[in-house]
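*Asks:* Just passing along the structure, written as structure tokens.
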Amino acid sequence: MLRGTMTAWRGMRPEVTLACLLLATAGCFADLNEVPQVTVQPASTVQKPGGTVILGCVVEPPRMNVTWRLNGKELNGSDDALGVLITHGTLVITALNNHTVGRYQCVARMPAGAVASVPATVTLANLQDFKLDVQHVIEVDEGNTAVIACHLPESHPKAQVRYSVKQEWLEASRGNYLIMPSGNLQIVNASQEDEGMYKCAAYNPVTQEVKTSGSSDRLRVRRSTAEAARIIYPPEAQTIIVTKGQSLILECVASGIPPPRVTWAKDGSSVTGYNKTRFLLSNLLIDTTSEEDSGTYRCMADNGVGQPGAAVILYNVQVFEPPEVTMELSQLVIPWGQSAKLTCEVRGNPPPSVLWLRNAVPLISSQRLRLSRRALRVLSMGPEDEGVYQCMAENEVGSAHAVVQLRTSRPSITPRLWQDAELATGTPPVSPSKLGNPEQMLRGQPALPRPPTSVGPASPQCPGEKGQGAPAEAPIILSSPRTSKTDSYELVWRPRHEGSGRAPILYYVVKHRKVTNSSDDWTISGIPANQHRLTLTRLDPGSLYEVEMAAYNCAGEGQTAMVTFRTGRRPKPEIMASKEQQIQRDDPGASPQSSSQPDHGRLSPPEAPDRPTISTASETSVYVTWIPRGNGGFPIQSFRVEYKKLKKVGDWILATSAIPPSRLSVEITGLEKGTSYKFRVRALNMLGESEPSAPSRPYVVSGYSGRVYERPVAGPYITFTDAVNETTIMLKWMYIPASNNNTPIHGFYIYYRPTDSDNDSDYKKDMVEGDKYWHSISHLQPETSYDIKMQCFNEGGESEFSNVMICETKARKSSGQPGRLPPPTLAPPQPPLPETIERPVGTGAMVARSSDLPYLIVGVVLGSIVLIIVTFIPFCLWRAWSKQKHTTDLGFPRSALPPSCPYTMVPLGGLPGHQASGQPYLSGISGRACANGIHMNRGCPSAAVGYPGMKPQQHCPGELQQQSDTSSLLRQTHLGNGYDPQSHQITRGPKSSPDEGSFLYTLPDDSTHQLLQPHHDCCQRQEQPAAVGQSGVRRAPDSPVLEAVWDPPFHSGPPCCLGLVPVEEVDSPDSCQVSGGDWCPQHPVGAYVGQEPGMQLSPGPLVRVSFETPPLTI
């Protein structure tokens, strides 16, 4: 029987063996297709010293091997010395002590990779002592609610409060005694019976310790008359933080006579009728809090006494949410040599820190790994990059994670895929990464020659296994890093050392993207091996792009060549118009095309180069590549590269200098492994060096020992904020490294948003390097209040937020409103000239700004006033001097006249003179008068004088009678027909005397001298008066009139003509020669003629000339 059984077994052996192999193979494929998961996470625990702690971890699939970590270190199974036991995914701490507290993680491993759980924190329970305090006396109005506060000591977990009331310990609310979650005791409707001593105690539910306060509070209940409402608790505004899902009680206790009524409002709206809120007396209770419960709550008390709304207190409630993490895919397959991008959506409040892990090992940024809070990018994927990737998020209230499995495929399928794509579409080959990332695009030109579709495995130049052939060398890029085109770029290259025993190039892969702060997706193009040119299109103007390209042969991806370039800027229409107008204004004959010529009048150092890009050269060296900008009018002579270590505070260090301008890339050697660096570049010409370029992105030198820096916990502290102007706020802060166990930081994040915004997405972020402790936030809105907070960060993540500061920008300055002129009302403005209308005025023209208009007007007015004063002062001085001189001239000093008998012309303005029957006469200023001639003996004519306002006198036969228009000032009679001694009076000057032998004729102020041309028409003989030296002067009684009396001689001579009318004094007898019957050429009327030898005056009657002395004016 046994033999038959054995025979049957032997006959079935091949079938059983095959079945076992199939099952094993199926299990292997199942392992490859399954993504490891931790379905039950270990929970954080608080235990007393010496207590037992049990941590559980459930994984899927369950056959995975589970290990544990303590504070990031692997626990090699059970450790008796440490007191830790590990059995079937469960960790047991037999006796908790200071060595076994910390963060625990379970790690599940399988051939496809490893996954780690979220950290579980194990801490020791403790209860501290009460702080020393003094006794407080609490007074409350009868019928109101009293509050006894208890300041609980520090406890972990939170201690429970107990009160000693009337020699009895109260552990829960009872009667009119309410024990609140905050630890306060509220005594409702207090009365005289509630007076007494109250004491509180703290109870730790884990250690079961009880500690009592060292001081007591005394309650007094008083009886008062009417009293306004007041809030006795809380004494000031409060900020409450609650975790999502928990209940919240906001306390508000008011006092007053009569007892006040308490109302609640949230963000300005009443909470009455809100489903989630209830009232516990005057306190507000919120069940199962959520994010929408965050906001500002207002408690207001009013009893009708005093000013309404005076008793108000505010609560600022923040609901914290544990993180939620989601990832789009659970599995991803990427061909070798291509890039993979993993996105991670993280939610939570406060914003969680994000940690990326591969096979349960934390990742740090490097040239191939680009990490951010929302995405992980892996460049040039290879077999070593396969595994399970985790996005783990953590904040103050919890942690969460998501998992994706990343697999790679061999590049040998690439030619086949390329051939299939080309045969189907007739376009250049699609990059293999297009299969892994559908968003990536293929850009190229159609109908390109097809490269070889396959390479036989027997070919000596293309071995079948990867690694047996040498990878292709990096192509040589020939294109310039700058282009004038705004939306395209011509990429040109050539292979390096093609042939030389290497496998032939099958195709090229070109990747390009815009260089921004957040990594964008690469645009990938596959190019045939015989094509060495590619036009990149649909680019943004004035933007910086980076290009990576590599050649592929049967050995896979070759070495990578990199270049960065900048597209041309698109000129703005208004800028072009202003430039053309400026050129036409400066040189009307110049054409707009001349604007393209450089302006050598503006010479300066070069502009700062663009931000450099960093690529790996070796384990301890990198390539720094940059693009120059403007040269400042002189050619760039050299470049210099500087670097800075991010984990150390210090200045920038010169890496290399004297780099020729033909080189736009340099290798920096001697870098420390595991150290993060930033690089920047300067350009130099003969006028100096440029400003430094923007620092490069952090670069971590590979070969690090694997140490992971923990994220900083404590953030910075903002110490100062100030509004610099209407769009800029400056802030300063302090950071204490000791608060984070001297954990190195890379820099700070500054968040700001308008204060009136409640949306966290409105926050904008600025990044500042770690060695700076001040920053200016620009491009803000005028007269707007902003909330400002900060974080510090390093490779491990971001710290907690700092304190929040509120600062308001300054108001925008008015554009000349106070000094604006009113619109014209009398006359409209003059229309501009045709030239002004037709000629365009550029923006660079000298136009007064509206804000300068008031100052311009004030300056013009003041300048005009000063000019008028300066002009008027000399005129007044001249006028005064002229009057004074005129008065002195009329005084007739004898010694002042020269012997040539000069005279001053005094035109007697007024009506013009007339002639009648050939007889001339003179006209006065306000009337007409016939001139009187004065005839001396021997026929010497003296002259004629006309006085204003005189009636006409008939001097010659047939002369017309003239009618005066005004009353006469001087009345004069014809001396030949009869003489009136009272009709002529001469006014003497105030300082003259008869002894001086001179008289002063006072003429009107507006009188002038008039020159009468001599006429040959003779008049009849006239009898003219002449002043006599021996004359008397007397004052008429009761009259300010001086009378000068003299004997006028008469002479009968030949006909005479009217001569000149001077008003002067004859200095000597030489001025009038009378011998031989000659005429005196000039002679003043009314002048004093002394009785000098050779002169005889005919006797005649006494003549009186009367003048009224006018007031002296200056």
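Glycine is no exception: its Cβ is also placed from the backbone N, Cα and C atoms.
Swiss-Prot lists these features:
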type	residues	note
DISULFID	CYS57-CYS106	disulfide bond
CARBOHYD	ASN65	N-linked glycosylation site
CARBOHYD	ASN76	N-linked glycosylation site
CARBOHYD	ASN98	N-linked glycosylation site
DISULFID	CYS150-CYS200	disulfide bond
CARBOHYD	ASN189	N-linked glycosylation site
DISULFID	CYS252-CYS299	disulfide bond
CARBOHYD	ASN275	N-linked glycosylation site
DISULFID	CYS344-CYS391	disulfide bond
REGION	422-474	region 'Disordered'
DOMAIN	474-571	domain 'Fibronectin type-III 1'
CARBOHYD	ASN517	N-linked glycosylation site
REGION	577-615	region 'Disordered'
CARBOHYD	ASN725	N-linked glycosylation site
CARBOHYD	ASN759	N-linked glycosylation site
REGION	812-833	region 'Disordered'
TRANSMEM	856-876	transmembrane segment
REGION	972-998	region 'Disordered'
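Context for these features, please: burial, neighbours, distances.
*Replies:* A sphere of 10 angstroms centred on the C-beta of CYS57 (disulfide bond) encloses 23 other C-beta atoms. Under the three-state DSSP scheme, CYS57 (disulfide bond) falls in the coil class.
Note on ASN65 (N-linked glycosylation site): other Cβ atoms within 10 Å of its Cβ, all shown chains, come to 11.
DSSP assigns ASN76 (N-linked glycosylation site) to coil in the three-state reduction, placing it in neither a helix nor a strand.
When secondary structure is read from DSSP and collapsed to three states, ASN98 (N-linked glycosylation site) falls in the coil class. Long-range neighbours of ASN98 (N-linked glycosylation site) (same chain, six or more residues apart, CB within less than 8 Å of its CB): LEU124.
Following the DSSP three-state reduction, the secondary structure of CYS150 (disulfide bond) is coil.
Counting every protein chain shown, the Cβ of ASN189 (N-linked glycosylation site) has 13 other Cβ atoms within 10 Å. Secondary structure at ASN189 (N-linked glycosylation site), taken from DSSP and collapsed to helix, strand or coil, is coil.
On its own chain, CYS299 (disulfide bond) has ILE231, LEU250, CYS252, VAL262, THR263, TRP264, SER282, LEU284, VAL312, ILE313, LEU314, TYR315 as residues at least 6 apart in sequence with a Cβ closer than 8 Å to its own Cβ.
In the three-state DSSP scheme, CYS344 (disulfide bond) falls into the coil class. All protein chains shown were included, and the count of other CB atoms within 10 Å of the CB of CYS344 (disulfide bond) stands at 23.
The Cβ of ASN725 (N-linked glycosylation site) lies under 8 Å from the Cβ of THR809, LYS810, each of these being in the same chain and 6 or more residues away along the sequence.
Reduced to three states, the DSSP call for ASN759 (N-linked glycosylation site) is coil. Proximity of ASN759 (N-linked glycosylation site) to non-local residues of its own chain (separation of 6 or more, Cβ distance below 8 Å) is seen for ARG753, given in sequence order.
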*Asks:* In whole Å, how far does the CA atom of CYS57 (disulfide bond) lie from that of ASN189 (N-linked glycosylation site)?
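*Replies:* Distance between the two Cα atoms comes out at 53 Å.
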*Asks:* Between C-alpha atoms, which of these recorded positions comes nearest to CYS344 (disulfide bond): ASN65, ASN76, CYS106, CYS150, ASN189?
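*Replies:* Sorting the recorded positions by distance from CYS344 (disulfide bond), the top entry is CYS106.
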*Asks:* Could you please provide the mean pLDDT value for the domain 'Fibronectin type-III 1' (474-571)?
*Replies:* 81
*Asks:* Near CYS106 (disulfide bond), which residues of its own chain have a C-beta under 8 A away, given they sit six or more steps off in sequence?
*Replies:* VAL38, PRO42, LEU55, CYS57, VAL59, VAL66, THR67, TRP68, ARG69, GLY89, LEU91, ALA116, SER117
*Asks:* So how many of the residues in the domain 'Fibronectin type-III 1' (474-571) end up helix, strand or coil by DSSP?
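*Replies:* Its residues divide into 0 helix, 48 strand, 50 coil.
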*Asks:* Compute the C-alpha separation of CYS200 (disulfide bond) from ASN189 (N-linked glycosylation site), stating it in Å without decimals.
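*Replies:* The Cα atom of CYS200 (disulfide bond) is 21 Å away from the Cα atom of ASN189 (N-linked glycosylation site).
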*Asks:* Between C-alpha atoms, which of these recorded positions comes nearest to CYS391 (disulfide bond): ASN65, ASN76, CYS150, ASN189?
*Replies:* ASN65
*Asks:* Who sits close to ASN76 (N-linked glycosylation site): which same-chain residues at least 6 apart have their Cβ under 8 Å from its Cβ?
*Replies:* none
